[in-house]
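Annotated features, as they stand in TrEMBL:
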- 383-405: transmembrane segment (TRANSMEM)
- 383-646: domain 'G-protein coupled receptors family 3 profile' (DOMAIN)
- 417-440: transmembrane segment (TRANSMEM)
- 452-472: transmembrane segment (TRANSMEM)
- 493-510: transmembrane segment (TRANSMEM)
- 542-563: transmembrane segment (TRANSMEM)
- 584-609: transmembrane segment (TRANSMEM)
- 615-634: transmembrane segment (TRANSMEM)
Amino acid sequence: MTSLALPAMNALDPTLTQFQFVKGDSQGTRAGAIAAMLNISSTYPNPVAFIGEWDSATTIPLVLAEAMVRSWHCSGVASSTDLSDKQNFARFFRTIQDDSQQGPALIQFVKTMGWGSVNLVTAIDAYGTSIAASTIAAAPDAGITISTQSVVSPVATDFTFVIATLRKSLSNIIIFAMPTTVAREMLRQARDAGLVAPEYVWISTDIFSDYLSTSAALPTVAEDIVNADGAFYVYPRAATETAAYAVLLAAWARVSSRAVLNVPYGTLCYDCAVALSRGIVRTVQRRGVAALTSAAGNLTLTEFMPPAYEGVSGTVQFTSTGDRVGDFSVWNTVNGNLHLAYDLFANGTRAQRTTPTFAGGSTVVPPDTPPKAKLYPTWSDPVVIVLAVLRALMLGVCAAGIAVLSRNRHVPLVKNMSYPFLVTISVGVMVVLVAEFMVVGEPAQEMCHAPVWVLTVGYQLVVGSAGVRTYRIFKIFSNTTMARMKRYSNAKLLRAVAALIAVQSALYAVRATVFVSTPELVTSKSTVSYQCVPRDAVGDRVIVGVSLALNVALLAGVIVLGYKTRNVASAFRETLWIMYTGQAPIAGIVILTFTFIALPDFALAAYYLRSFLTLYASIFAYIALVGRVALAAVHSPTASTLAMVPTAISATTSSTSGTSGSHGTTSSAHVHVDWTPTGQIARATVRSAPVKQVAGLSWWHGGWTATWRTHAVHIVVPAAPGTPYLALVPTLTAGTAVQGTAFPTSTATFDARPTDLPLCVIITTARGAWAVQLPTQPDADAVAGALAAAGARSVGAGAGGPGGSSVGRGVRAMSASSATGSAMAPLARARSASHSAAPEKGGKGMIVTEPVVRATARVASPVSLGRARE
C-alpha cells in the first residue's frame, strides 16, 4: 500500500525528486519486520530507504537484513547504542538521541532535582542494556549513587524479587527502562507492595511515552492510570518554538484533534522522513540516482546525511556515527494526562515548564533518601533530655541524702540501719544513674564497654549491700547463740560486696581487653544506629552469660532472703522493704539484658525502656533502703541530745499506801506492770510483740520453718507458794481458750541486748528459744527487768563486763535519775537486784507458751533490723 509523502519532502526539489510511502506490517515481531522488508523489496525493486522499527530489539535485525539491498535506514524510535556501530550498521542513522545520551539525561534530571541516589531496573534486551550502561557510566561524574540495580526479562510477569530489592533500598528514586507491557505489570505489583506512594518517584525513558495511549484500550485502564500518576519519563525535546513545528501543527490540526506532542515519537519520525528525503535529494543532486544504492558509488553515511537543519523536534544535527545530538524534556503523568515539567539542555541546565506533581497529588519534592531516624540517644532528643534531667535531680537527692546521713550518723536510727551500707547503697544508686549519661551520642570504642561496666558495678553496690544486710538479719534470727553474730560485722560484709565487684570487674576487664568490641554503623531504609561488634563473638557471649548469671543469682538470693525474713519486725521494718527492693531490681536484669543484647532496629526504644527502668529501680531502691532513713533522721533528735537524755518509758502510775510499801500499776504505750505492796513485780504484760521460735527440740521447730507471729507476753510472779512463769500468748479474740505448756523461769536464761539485734530479748528454755521484739529500748529493758524479777538468769553481751550488764546499767540509770515516785523505780530496783542476787534454788517461776492457738496474726511489713556492733 502506497501513500503520498509529506509535503515537506516533495517540496525539497520537486523537479528532481518525488517521494511516496510504502507501508509494511511487521506485526510487532522481528521475523515479521524482516518479512515485510523482503516483501516490499520484491514488490518495489531497489527501495531507497526504510523508516522504523518501533523498538531497538526489532530494528537491529531489520537493519542487518537490509544490507542485502543496500538501502538507507532512519529511525525516530530505536535508541540502542548497538546501532552506533558503523561496521554492522553502516547505512543507519536516527533522529532520536541514542541511549548514550538518554542515560546522562536521566542522571541530569536526578541531579537537578536534588536527589543523590537512585535504583535502576532495566530489561535484558538491547534497549534496556544500553540505558543501564549509559546511566551507570554517567552517575559517578554527577555524584549520583546507584543504590540497587535489577534486571528483568522483556516478557517478565513476576516482580517479587525486584520489589523486595526496592523495599530494602536506601533510595526511593526508581529509574526503569523496559517495554510498556512489562512496566505496566511491574507498577501494578509495586502499588500492591506500597511502592507507588508520595515518598517514591518513578522515572522512565522515552519508551514510556506510549503508556497512557496503550493503556486506554485495556480493561484495567483506571488502575493503570492511577499506578502511573506522578511518574516521569525523559523524552527527546520538541522545539515547539521553531517555524517547522508551527507548520506541522497547522497541518496536523486539519486531520486530527489529538495534540501533536501526545503522539509517541511523532515529531521524531517526521524529522526522520524529512532527513532521509534531504539526504536523497542531496545525493541525487551531487552524484545521481545510481549512487543511492549502488555499491560502486561507495557512498558513506557522512556523505549521505544532510547538514544540520531546523526540524520540528529542534535542530537536527548528526554525529559521524549517525547519532543525533539534542536536548531532552521531562514529561509528568498527572491524572491520566501528560504535562511538560522540564526541559533538559545538553549544556547541563534545566528549565522548568510546570510544577511537577508526584504520586498522590503532592507537589513537594520528596527526598531520595528519607530522613533516617537515629536509633541511638542524642542530646537533641526531647525524651533523652527529660530522662537526663530526672536523673540529675535524683543524683542531687542522693548527694543530699548522704550529707544528711553523715551529719546524723550517730543517731541510733541511722546506726541501727548500718550507716556504712546506707552510704554504699546511695553511691551505688548514683553510679547506676551516671552510667546512663555515658550512652548518649555517637559511641566511641570505649563506650562499648564502659557504660555496662559502670552500670553493673552500681547495681551490685545496691543489690549486694542489700543482700548482705538481709543475710545478716537472716543469720541472726536463725541462730540462738548471739556470740556467733560477731562474724557478720559491717567490715566483713563490705568486704564481701567488694569481692563481688572485683569478680565482676575481672570479667569485664577480660571482655574489654581480650574480646574488644568496636561500634559499627548500622543503617536501614529509614534508620541509623550503632552496634558494638566484638572481636570474638563466642568469647564475648560467654562473658556476658556468666555476668548475667552472676547478677541474676545475686538478685534471686536477695529476694529469697527478703522473703524468709519478711516478717521480722523492727523499728524500721527493714527486711520487708529489702524484699520489695529485691523485686524492683528485677528491672535491673531487664536493664542489663537491653545493655548486652544488640537490637539495632530497637536500639532507641531499648534505651528509652532501659533508662526508664533504671530511673524507676533507682528511685524505688533509694527510697526503700535509704531515703526513708534519711528523712526520719532529719526529724529525729541529734546524737548529742540523745546522749544527754536517760532512757525511760513514758508511763503513768497509780498507787496506794500500805504498811509494807506501795503497790499499783505502771504503764507505757506497750508494757503494763503490776506491783505488789512490797514493791515487787507481780505481773508484766507486753500487749503485742513480734515473737519467733528460733530453736526447738525438733528440726521443724524454729529456723527456716518458723515465722514471726504477734503475741501478748505475760511474765507472772504469783504470791507464794506459786511459781513465777512466762506466757507467750498469741493474740486472741474474745472468748478464745488459751492452752499451753508452762516453763519454770528458774531454768530460763535471757539475753537483754543481744549482739546485732537491738530492741530484742532472747529467752532460752529447755524446750526451745524465742526472740521477742519490742518497739523501744526502754520497753525491752522493762521486759528484761521483769524476767530478772521472775528468776530468769541474764546471759549474753549485756550480762558481763564492768558495771554489770548493759540492761542493768540502763535500769540503774533510770532509777538514779527518777524521783521517789517514779513510775519505773520499782522495776529498776527489781532489775538491779536480779544482777546482785542469784535466783532461789528450786526455781522462782516458770514459762508458759501457747503455740496451739490458731487465731494468730503475722507481723505486717517488717524491713530493717539492726546494725553490727562495731
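The backbone N, Cα and C atoms fix where each Cβ goes, glycine too.
In TrEMBL, annotation is done automatically, which means it is predicted and not curated.
Counting Cβ pairs under 8 Å to the transmembrane segment (417-440), the stretch among 383-405, 452-472, 493-510, 542-563, 615-634 with the most such contacts is 452-472. Of the two recorded stretches, the transmembrane segment (615-634) lies close to the transmembrane segment (383-405), with three or more CB pairs under 8 Å once pairs fewer than 6 apart in sequence are set aside. Within the same chain, residues 377, 414, 419, 422-423, 426-427, 429-430, 433-434, 436-437, 440, 607-608, 611-612, 615, 618-619, 622, 626-627, 629-630, 633-634 sit at least 6 positions outside the transmembrane segment (383-405) and bring their C-beta atoms closer than 8 Å to a C-beta of that stretch. For the domain 'G-protein coupled receptors family 3 profile' (383-646), the model gives a mean pLDDT of 77.
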